[in-house]
Amino acid sequence: MSIKEIQYRLPDDFIKILEKIFTRCQLDTIYKSYENGRSTTFRVNKLKGNTKEVMDELSSHRIKAVNYSKLNNTFIIKGSKESSLKKLKIYNEGKIYLQNISSMLPPLFLDVKEGQTILDMCAAPGGKSLLMADMTSNKATIFANDINEIRRERLNYNAEKQGAESIIILGTDGRTIGKRLNDYFDRILLDAPCSGEGIIHIRNFRKFNGWTEKRVRNCVKLQKQLIESAYNALKENGVMIYSTCTLNPFENEEIVEYILNKHKDLKLEKINLDLPNVIRGITRYEDKFYRKDLKNSIRIIPNEIFEGFFIAKFRKINSY
């Protein structure tokens, strides 16, 4: 499928937004990812298994996995489908977890440690909570929250399967957590509900179910409420990650600017990620200028491996 054919399947208003953010070369990469999707990637779950036994089983089934050099225990499958992995013992016993590499990054930037109290505000299906449980060897307290009952059931299933005993599942509206658990958490991950522009796959209707400007506006309204709640729930000197799997600035830079302007005790810390498909947060969109410190955030351009993501890191500093 040519680039023009891919564009033909996308809304004109959406294409106009992308063209104001990305270069022509970057746009071509994005459009190709929309057609072809991403490689299957997984991480080894150290709570249940180790790299050697995982690689041994893959080898016995003639499944090739290449280590992703920039992340420990992370692998890219070559020449096999995701369905092949799901038949394996290592998958069914929770020794591996299928997850796109982009989704692994927000927990890594959150600086989680043993003994901390951590909130994953919009957690289901739980991949990021599971990674944090793994990173802290089940020695942190991780509240994994999701308002949707069906998604919570999946989250609970995944936590049990992966041996993530440090996860406590909540089923509340994330917008209310800040009032109920004020100044409570050392670390907060807000992977916000979004319009999903970074994970579009035009051959898969489930991942391309209709982008509209109204949908973006609805997401923005919810994101502002969630990030305000997250701010209130964060302890002094606590760290918060805000992430989305979308590309437009309305759900990304403008949400970050909104919360920074509202709360002067929030600092936007610089995220460093040396990858060719990573760019800095933008400080201008059309005739609108944003804060210069938005360059501390990053935007991951979707390609054959990575889903499109935006990640910003905050610290709540002493306000006195």
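Numbers here mean position along the shown chain, with the first residue as 1.
Cβ atoms are placed via backbone N, Cα and C, with glycine included.
Annotated features in TrEMBL:
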type: ACT_SITE; residues: Cys245; note: active site, nucleophile
type: BINDING; residues: Cys122, Ala123, Ala124, Pro125, Gly126, Gly127, Lys128, Asp146, Asp173, Asp191; note: S-adenosyl-L-methionine binding site
type: DOMAIN; residues: 30-317; note: domain 'SAM-dependent MTase RsmB/NOP-type'
Integer Å distance between the CA atoms belonging to Cys122 (S-adenosyl-L-methionine binding site) and the residue listed as 'active site, nucleophile': 13
Spatial neighbours of Ala124 (S-adenosyl-L-methionine binding site) that are distant in sequence (at least 6 apart) but have CB under 8 A: Ala144, Asp146, Asn148, Arg151, Arg152, Arg154, Leu155
Sparsest Cβ surroundings (other CB atoms within 10 Å) among the recorded positions Cys122, Cys245: Cys122
Cβ-Cβ distance under 8 Å to Lys128 (S-adenosyl-L-methionine binding site), same chain, at least six residues away: Ser103, Met104, Pro106, Pro107, Asp120, Leu189, Asp191
In three-state DSSP terms, the structure that Lys128 (S-adenosyl-L-methionine binding site) belongs to: helix
Same chain, 6+ residues apart, C-beta under 8 Å of the C-beta of Asp173 (S-adenosyl-L-methionine binding site), given in sequence order: Ile147
